[in-house]
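The region 'Disordered' annotation in Swiss-Prot covers 1-28, 276-304. Per Swiss-Prot, N-acetylmethionine is recorded for M1, and the stated evidence type is similarity to another entry. Per Swiss-Prot, the feature compositional bias 'Polar residues' maps to 1-15. The phosphoserine annotation in Swiss-Prot covers S6. The feature domain 'RRM 1' is assigned by Swiss-Prot to 21-111. Summarising the annotation, Swiss-Prot assigns domain 'RRM 2' to 110-187. What Swiss-Prot records for R228, R261 is omega-N-methylarginine, and it gives a large-scale study or a structure entry as the kind of evidence. Residues annotated as compositional bias 'Low complexity' in Swiss-Prot: 276-289.
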Amino acid sequence: MEANGSPGTSGSANDSQHDPGKMFIGGLSWQTSPDSLRDYFSKFGEIRECMVMRDPTTKRSRGFGFVTFADPASVDKVLGQPHHELDSKTIDPKVAFPRRAQPKMVTRTKKIFVGGLSANTVVEDVKQYFEQFGKVEDAMLMFDKTTNRHRGFGFVTFENEDVVEKVCEIHFHEINNKMVECKKAQPKEVMFPPGTRGRARGLPYTMDAFMLGMGMLGYPNFVATYGRGYPGFAPSYGYQFPGFPAAAYGPVAAAAVAAARGSVLNSYSAQPNFGAPASPAGSNPARPGGFPGANSPGPVADLYGPASQDSGVGNYISAASPQPGSGFGHGIAGPLIATAFTNGYH
């Protein structure tokens, strides 16, 4: 994609990538040129750079551009005006933010997520089971504050990272005659890059947590970055425009499509290797492949955020993968508290 700048500008989107005076201008008319864009915004302050993004093949405007003011205070003036119209079309100026580096998945850690625990399993059972692999520093189950019953999942912290590798290589373990799933715990920032939650509030509660955190690991930060209908420009940038309708400039957000198709079931998408229908609470039927149905909601990020829970858990969630059996008897809403194995930290 090309950027056509007005006279006296470089026309490069990278020249001022860290400039607080840079703004993203969306909703431009196809007839709007860099000159007319500059003329309009010059009333708010001196403009150092102005450009309209164009398709490299057709040379037609893509309906958006950038304006960089010499004084960042001019940005506040623009935002202070509730309505902007250029070439008989309402436009939408927003602040342009440099895209943050994507957090990397943790490959070495001492903490694991354990999901699918039976209702009668207690924290001592979990600790005792995993001690056969190595010394356990900490073990905890996540509890529902209202019912005071655990939600079927928790965390175990080992003394040695190599033990985690061994435990997760086995992946499925049997505790109290119930198959449970073990995965490396990931920092919350990895699963929910900055900005994804803020742009997801229009989605259902479970959709927010699942689609933006675990169901779309192949598309991290897909809402927070600049590619929301404007692919291929200024690769070092992310542009945030809260309240800006996604469908106005590009395809409908993938999460909304998934919601329309009903692909989320109890916070888990239906997986080809596991049964999709939800099971009634407490029924815990057998599933294809020999695994009984799980009773826990699994790793949903919102379950680890409340202030009431243990500080050692709040920054971790499990990496995404389906539990053996997608039907869960418990709902996922509701605050959680953690009960921890006493080791000097709790």
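Quick reminder: no glycine exception, Cβ is built from N, Cα and C everywhere.
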Helix, strand and coil residue totals from DSSP for the domain 'RRM 1' (21-111) stand at 19 helix, 34 strand, 38 coil
Averaging pLDDT over all residues of the domain 'RRM 2' (110-187) gives 93
